[in-house]
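A.B. asks: Sharing a structure below in structure tokens format, with a few things to ask.
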Protein chains: 6
Amino acid sequence: MADFSHFNEDGRAKMVDVGGKDTTVRTAVATGRVLVNRECFDLIKSGGMKKGDVLGTAQVAGIMGAKKTSEIIPMCHPIMINGVNITFNYNEEDLAIEIMSEVKCSGVTGVEMEALSAVSIAALTIYDMCKAVQKDMVIDQVHLVSKSGGKSGDFVWKG
Amino acid sequence: MADFSHFNEDGRAKMVDVGGKDTTVRTAVATGRVLVNRECFDLIKSGGMKKGDVLGTAQVAGIMGAKKTSEIIPMCHPIMINGVNITFNYNEEDLAIEIMSEVKCSGVTGVEMEALSAVSIAALTIYDMCKAVQKDMVIDQVHLVSKSGGKSGDFVWKG
Amino acid sequence: MADFSHFNEDGRAKMVDVGGKDTTVRTAVATGRVLVNRECFDLIKSGGMKKGDVLGTAQVAGIMGAKKTSEIIPMCHPIMINGVNITFNYNEEDLAIEIMSEVKCSGVTGVEMEALSAVSIAALTIYDMCKAVQKDMVIDQVHLVSKSGGKSGDFVWKG
Amino acid sequence: MADFSHFNEDGRAKMVDVGGKDTTVRTAVATGRVLVNRECFDLIKSGGMKKGDVLGTAQVAGIMGAKKTSEIIPMCHPIMINGVNITFNYNEEDLAIEIMSEVKCSGVTGVEMEALSAVSIAALTIYDMCKAVQKDMVIDQVHLVSKSGGKSGDFVWKG
Amino acid sequence: MADFSHFNEDGRAKMVDVGGKDTTVRTAVATGRVLVNRECFDLIKSGGMKKGDVLGTAQVAGIMGAKKTSEIIPMCHPIMINGVNITFNYNEEDLAIEIMSEVKCSGVTGVEMEALSAVSIAALTIYDMCKAVQKDMVIDQVHLVSKSGGKSGDFVWKG
Amino acid sequence: MADFSHFNEDGRAKMVDVGGKDTTVRTAVATGRVLVNRECFDLIKSGGMKKGDVLGTAQVAGIMGAKKTSEIIPMCHPIMINGVNITFNYNEEDLAIEIMSEVKCSGVTGVEMEALSAVSIAALTIYDMCKAVQKDMVIDQVHLVSKSGGKSGDFVWKG
């Protein structure tokens with residue numbers, strides 16, 4: 001059964017006290033993708049989308065977005081991120097731009113939200129850069145791939 | 001064929017000049033959802049999730065996120081948003097929390113990105129609030145539902 | 001009786017749509033004060049407080065704080081502020097540093113929150129600059145003094 | 001006599017070097033209140049104020065505001081907050097919404113300013129959510145209640 | 001003789017009231033450069049600098065920096081930027097990366113500071129991306145090239 | 001020869017993983033200057049520039065700018081700054097306002113960028129405060145003066 005102890009006494013949200021947790025190396029990997037049409041896919045791949053180099057801009061946005069996580073997600077703790085990497089894959093079969101982020105820190109709380117924010121903001125940036133060409137793109141399959149470090153143990157996505 | 005004229009002369013990204021566009025009322029509606037397991041679904045619905053009232057917090061985060069769009073998406077123009085609303089729906093069949101955002105402005109550029117950011121940040125907040133209970137949640141079907149106003153005309157999602 | 005129409009259909013907060021409101025010149029004046037002890041009062045007045053020129057720093061903080069209002073108050077609309085001024089008064093009798101802010105815009109929504117934020121953040125900055133000398137300072141009497149412009153009419157504080 | 005050593009050589013503000021201070025668990029509790037009229041008080045209590053659930057939104061705003069402290073108060077050090085909680089009390093006698101915040105960190109500098117910012121921003125949010133009903137609300141009695149940890153020792157408000 | 005009228009009554013900074021100024025199209029062009037050594041110059045030009053594509057990242061940073069101007073320069077007014085472009089030139093003779101920014105808006109106040117911020121932040125980003133290779137780079141010749149629009153008339157740099 | 005290992009596998013920018021680096025005391029000193037004309041120089045020196053106390057405002061802006069470094073420079077790591085100081089010097093001969101910043105932290109990555117950001121933002125603020133009097137000011141000689149701490153060793157500017 002889930003632990004309800006983190007409500008405050010009034011049943012309202014609070015930022016959980018992580019003061020007693022150990023400082024360990026923590027890693028999280030997240031993924032997501034943007035479904036596009038053939039024209040859009042080819043334009044991104046050839047580096048010829050309106051507003052310029054789509055994936056290069058999405059990558060900078062995703063990395064900066066990881067750093068903004070505690071500012072945009074209300075109950076997230078500020079974290080000293082040690083490193084962020086983002087990679088892209090062209091999935092020809094599904095006409096999808098696949099995004100993979102990896103975030104590391106040495107701290108008392110995990111970096112799952114940072115990895116998921118990096119993916120989401122990179123995906124939104126791809127949408128923005130391409131929306132003059134296609135408006136019915138879809139962002140989907142945004143989820144955690146793995147995490148390590150911390151009391152709650154490692155996690156690996158099982159699909 | 002798509003318009004490539006918005007590259008700068010070096011093939012690099014630029015923020016497109018919208019100075020010549022008309023000031024009109026512009027609206028955008030976007031949607032997305034968070035797929036959860038039964039335990040998580042029931043906890044959210046009963047208002048008993050760790051970190052407190054999940055959807056109330058996600059709603060505030062989504063509205064504040066809409067206001068942050070031009071700060072997190074590199075080529076987005078700053079916009080004076082006139083109003084934002086976010087609603088949620090419990091999809092019992094798919095065990096999904098469905099999110100719908102509506103953003104309005106009177107300006108020279110559309111609010112699609114603001115609506116999509118609101119949905120994405122609300123979804124990330126739901127993930128954050130529930131991740132102590134479930135780690136394999138999935139954010140999917142994030143897309144524009146409709147937009148109106150502006151030169152490029154109205155858009156309605158056709159699925 | 002108060003108007004409840006601005007709830008959304010689920011009884012949740014939304015950013016009210018101000019799209020139909022007129023663009024007019026709007027002004028708001030707010031005030032507040034910081035109650036200090038004699039030592040602290042004299043140090044501020046002589047410009048000799050730890051961390052440097054207390055009121056000069058508080059003034060810059062208050063002006064920058066006015067610009068941050070829509071970022072820190074969840075349902076506030078972004079506003080193109082036309083001007084901000086902050087003045088201070090030494091109230092010898094009450095040992096109080098009185099703060100007065102005036103904010104102007106030409107827009108569709110008022111600047112009360114910007115004026116109140118400017119005062120509050122200036123007051124917090126005074127606290128911060130003086131807390132090595134005194135820890136039991138009190139911020140009080142923060143309120144709107146007057147507003148003009150907009151449909152809801154002018155307001156003047158009657159005490 | 002107060003310590004003036006933290007001025008720089010030109011008598012200008014500087015961010016004091018805390019590099020030599022010990023990393024300890026630090027806690028700060030702050031309070032403040034919003035004085036409202038009877039109609040406003042009853043509307044907040046019944047959860048029926050314009051713009052939605054007043055205290056739920058104020059709580060999210062206050063927690064996010066605590067995280068923004070070093071961004072809005074010029075000489076504040078960035079801090080890795082471990083936890084934030086905010087509670088409200090309805091003071092029927094004074095028609096006041098009382099706000100109490102508690103902030104914790106493990107660090108080299110205290111969290112008084114974070115606790116005071118949380119209270120002030122929660123109070124401003126209450127004002128914003130209620131200003132369509134009442135414009136002459138007053139924020140008062142904002143002060144530190146207690147602090148612990150760090151070289152300067154514990155503090156308890158004596159009124 | 002210069003106009004001193006924009007001091008407030010206490011000789012303190014204020015954000016000047018631009019409410020009476022006309023809304024016109026305003027443009028500003030600014031420039032600056034980063035002086036590097038031969039090794040660094042060649043690495044940037046070949047796209048092989050540590051941390052990746054130096055100028056692509058600097059360009060995104062500069063554009064986002066232009067949007068942050070009113071947040072980092074205390075007395076700057078928030079501005080709805082219409083467009084930003086940044087270009088780079090390799091000055092082989094001086095071993096300099098030259099940066100040129102152009103910013104446009106339709107508003108009541110000029111965009112000189114936005115153009116200068118874009119250049120400065122792009123220059124700082126180049127420094128950051130290259131500092132593992134060279135630490136004694138110099139940013140110099142940061143200045144306004146031209147401005148148009150507004151009461152104070154056009155400006156063209158005369159060197 | 002320079003180390004290229006910090007590219008990711010696709011030749012795109014990443015935030016380098018600093019997880020294995022030692023936590024040490026790190027210091028950086030940076031400088032820069034603003035070249036002004038005689039009228040402007042005298043006005044700044046006499047404290048009589050439009051928009052108020054030029055250097056006092058520039059100093060607050062520079063300190064706040066140091067704290068914003070990881071937000072404006074895309075690949076910069078967030079850092080818990082321990083202290084920041086900024087000093088100014090009137091160079092009568094060159095009609096230059098010289099800016100010197102010193103930043104300290106205890107961390108795994110250096111504070112060069114924080115020191116350079118502090119100088120650049122202070123310089124931009126001086127420009128902003130004086131631009132009603134002179135538009136052809138120049139920011140130049142922005143560079144690192146010294147750094148200490150960390151694996152890459154100390155650095156002293158040799159001109």
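In case you wondered, yes, glycine gets a Cβ from its N, Cα and C as well.
Pulled from TrEMBL, these are the listed features:
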- B:ASP128: active site (ACT_SITE)
- B:MET75, B:CYS76, B:HIS77, B:MET113, B:GLU114: substrate binding site (BINDING)
- B:15-150: domain 'Molybdopterin cofactor biosynthesis C (MoaC)' (DOMAIN)
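What's the neighbourhood like for these features in this structure?
C.D. replies: According to DSSP, B:ASP128 (active site) sits within a helical segment.
Long-range Cβ proximity for B:MET75 (substrate binding site), meaning a same-chain Cβ under 8 A and a gap of 6 or more residues, is found for B:ALA13, B:LYS14, B:MET15, B:VAL16.
Mean pLDDT, taken over the domain 'Molybdopterin cofactor biosynthesis C (MoaC)' (B:15-150), works out to 93 on the 0 to 100 scale.
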A.B. asks: Could you tell me the maximum Cα-Cα distance in Å between the residues recorded as binding substrate, namely B:MET75, B:CYS76, B:HIS77, B:MET113, B:GLU114, rounded to a whole number?
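C.D. replies: So the binding residues stretch over 13 Å, Cα to Cα.
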A.B. asks: State which of the following recorded positions has the fewest other Cβ atoms within 10 Å around its Cβ: B:GLU114, B:ASP128.
C.D. replies: B:ASP128
A.B. asks: Helix, strand or coil: which one is B:CYS76 (substrate binding site) in, per DSSP?
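C.D. replies: Its secondary structure by DSSP: coil.
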A.B. asks: Roughly how many Å separate the Cα of B:ASP128 (active site) from that of B:GLU114 (substrate binding site), to the nearest whole number?
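C.D. replies: Cα of B:ASP128 (active site) to Cα of B:GLU114 (substrate binding site) measures 21 Å after rounding.
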A.B. asks: Would you mind splitting the domain 'Molybdopterin cofactor biosynthesis C (MoaC)' (B:15-150) into helix, strand and coil residue counts from DSSP?
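C.D. replies: So the counts come to 45 helix, 47 strand, 44 coil.
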A.B. asks: Select one residue from B:CYS76, B:MET113: among these binding-site residues, choose the one with the most other Cβ atoms within 10 Å of its Cβ.
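C.D. replies: Result for the most crowded candidate: B:MET113.
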A.B. asks: So if I draw a 10 Å sphere around the Cβ of B:HIS77 (substrate binding site), how many other Cβ atoms end up inside it?
C.D. replies: 22
